[in-house]
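Before any comments, here is the structure.
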Amino acid sequence: MWRSLSERFAVLDVTYFVRHKGEVNACAFSADCQHLLTASDDSRLFLWNAKTGALLCKVTGHAGPVKDCRFSPDCALFASASHDCTVRVWDTATAECVHVLEGHCKSVETVRFSPDARQLLSGGWDHMAILWDTQLGQMLRLFSGHRDVIQSCDFSLNTQYLATGSWDCTVKVWSLRTDGDNTLEGHRGNVSCVCFSASGMLASGSWDKTVRVWNPCSGVLVFLLEGHSSWVKSVSFSRDGLLLATAGYSEMVKVWDCRTGKCIETLEVMLDQASSCIFSPDGALLVSGAAGHDEHQLQETKRETWRTVQGLNHPASIGKGNGQVPSEN
């Protein structure tokens, strides 16, 4: 994790969240910044204390890799999407499963809550996106039109639009008020991630190693962001929408100024491939998830403090903490 904004990005003392036994596919902050959720190929979700790095709960129930996870805006629930073709909704306080949402016929790759927490959007390998009622656990609407896997989705802040990114190289923007959709074309590879900003802009990352920032209503391309050496797996806007973080499947996370489209930081402190990145809800910190790493030697510089990690694989790394490595138990 890195501290951001006025002091530019600086690496803080690093705490490793290292108990997963598979690749960390996604990580999510609760809106109050108290908890961090990580989802892994080991079929589990881990709930952490974001400040101390303590593992609070190992959440089990999925029968396959967990591909995505998100907290509801009110922090009462979190949701997970899995290769087992289901979406699960969990109670944050008890970590008990509230709903098992069945409707997809293939792996579910992405899940997002609406800003009012009343709805949930999921998408997956069946080329479909499904809108769910989070309280009743019922399907509300089915979105079809993509010709390939839907790997990412998001709600606009005003809950009027949905966005889905697909392996058909397009982004679709769907209206919740009408039956219409707008197809954004330009990527030359699979679209792996999409994210709305607070101001309503839409970012999409692709296997073509680029990030595109769009006006989603008009379909106009605002910025074409180039510089990643491999496919872009994760994009995240800061709370004010002025910064955009992008994680390429390489040892770097890039941070862009959304007013100019310029890269202002390249953070090369990943342990391995950067599989995810997300700003904390307060906008002060940026966290990244890693695909895996080998044993690392202790290194000290003015701005970085790394701990030696022996025999532990697949961490999510976070840099505001006590710099301690949790025990393996």
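Cβ atoms are placed via backbone N, Cα and C, with glycine included.
TrEMBL does not curate its annotations; it predicts them automatically.
Predicted, not measured: the structure shown is a model, and the values here were computed from it.
Per TrEMBL, the features are as follows:
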REPEAT    17-58  repeat 'WD'
REPEAT    59-100  repeat 'WD'
REPEAT    101-142  repeat 'WD'
REPEAT    143-178  repeat 'WD'
REPEAT    184-215  repeat 'WD'
REPEAT    225-266  repeat 'WD'
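Look at the repeat 'WD' (225-266): DSSP puts its residues at 0 helix, 24 strand, 18 coil.
Long-range Cβ contacts of the repeat 'WD' (184-215) within its own chain (Cβ-Cβ under 8 Å, at least 6 residues beyond either end) map to 148-149, 151-158, 161, 163-167, 169-173, 221-226, 228-237, 239-241, 244, 246, 248, 256, 258, 261. Confidence for the repeat 'WD' (225-266), expressed as mean pLDDT, is 89.
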